[in-house]
Amino acid sequence: MRNILLKIYDSKFLNQEESYQLFTLISSGKITDIKLASILTAMKIRGESIEEITGAIKAFLDKMKYFPKPDYIFSDIVGTGGDAKNTINISTMSAFVAATCGLKIIKHCNQRISSKSGSSDILEKFNINLNASPEKSRKTLDQLNICFLFAPKYHDGFKYSNNVRTDLKTKTIFNFLGPFLNPATPPLSVIGVYNKNLINIAVNILKNLQYKRAIVLHSDNTDEVTLHGTTYVSELLNKKIISYQLQPESFGLKMHPKKILKINSLEENYHIIKEIMKGKGSKLYEELIAVNVAMLLKVFGYENLKENTKLALNKIRSGDVYKHIRNVANMLKEDNHARHNT
């Protein structure tokens, strides 16, 4: 351990195994707060390497609680957050639309970081029980194509660093781990990053973690596809990485003028999303969700982005997505009821 610390303090990079050892200790509560603060600060100042981040991810994955992973193909869709845009929860709603289209989605979700409402906050507004048992979550996935795994329920190891991270009041390596810590370890994923410079880092981490196919994207300082400019993409397929750019026309849509789509509260976010999922939302919001669903369909092998977008728009405008959300909530509510009666 001493050699690992000396390397960090000398601004030298750890290899993947050294990082794994370090974060295994951190996730076990065996590093003091003052030492942890110095480690995180030193790593942040010199920048964290792909190998260091991969080692940290593997350490936390090895300590997570069990989830009954399915044999069939499934995906996650997640954003890093941290863009401070306070927009609606695009990835969460895209997951529901994708499930309504027939895709299997296991969404890893957490509490808000920099937005007015994180994925868990909005899910609770829709009465989605985030404390469902792993078995019930798996059953919901089998029958309704989607389930949500709440990070604090599956990852105990983060509790040992919470106080230090709060006190530091700055982004650290921890802020980048979430999208890679899905307890179901999916073979597919779509990840949005808040900074264009993070695309290459994220896609190479996915390669290190042996994802079958994945997309990392960024557009206009947000962690999602936008409709007023260029979306930058790196795609992992068969251990090879390709990079390309997309425009709204790539999805068969027209360019929208740039608009501020900020929401001011959880209640406002919920109301906007509810109307969209009922098929009564604004055209801009419908299309914004649809293009992100199109990318999710792509990792499942549906290569035509224009057709993918049409399919997603049809599902959104039909109102079927809201019915699907209600069905998921009702199924998980049964589990909640059973727990209260045991």
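Quick reminder: no glycine exception, Cβ is built from N, Cα and C everywhere.
A quick note: this is a predicted structure, and the numbers were derived from the prediction, not measured.
Going by Swiss-Prot, these are the annotated features:
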BINDING   GLY79, 82-83, THR87, 89-92, 107-115, SER119  5-phospho-alpha-D-ribose 1-diphosphate binding site
BINDING   GLY79, ASN110  anthranilate 1 binding site
BINDING   SER91, GLU224  Mg(2+) 1 binding site
BINDING   ARG165  anthranilate 2 binding site
BINDING   ASP223, GLU224  Mg(2+) 2 binding site
Residue pair SER91 (5-phospho-alpha-D-ribose 1-diphosphate binding site), GLU224 (Mg(2+) 1 binding site) - Cα distance, angstrom, rounded: 8
Smallest Cα-Cα separation from ARG165 (anthranilate 2 binding site) among the binding-site residues THR87, ASN110, GLU224 is shown by ASN110
Per DSSP (helix/strand/coil reduction), ASP223 (Mg(2+) 2 binding site) sits in coil
Ranked by the number of other Cβ atoms within 10 Å of their own Cβ, which of the binding-site residues HIS108, ARG165 ranks first? HIS108
Determine the Cβ neighbour count for ASN110 (anthranilate 1 binding site): the number of other Cβ atoms within 10 Å of its Cβ. 20
CA pair GLU224 (Mg(2+) 1 binding site) / HIS108 (5-phospho-alpha-D-ribose 1-diphosphate binding site), Å rounded to integer, equals 16
For HIS108 (5-phospho-alpha-D-ribose 1-diphosphate binding site), name the DSSP secondary structure in the helix/strand/coil scheme. strand
Using Cα-Cα distances with a 10 Å cut-off, which of the binding-site residues GLY79, HIS108, ASN110 are near ASP223 (Mg(2+) 2 binding site)? GLY79
Let me check the 10 A CB neighbour count of GLU224 (Mg(2+) 1 binding site). How many other CB atoms are there? 27
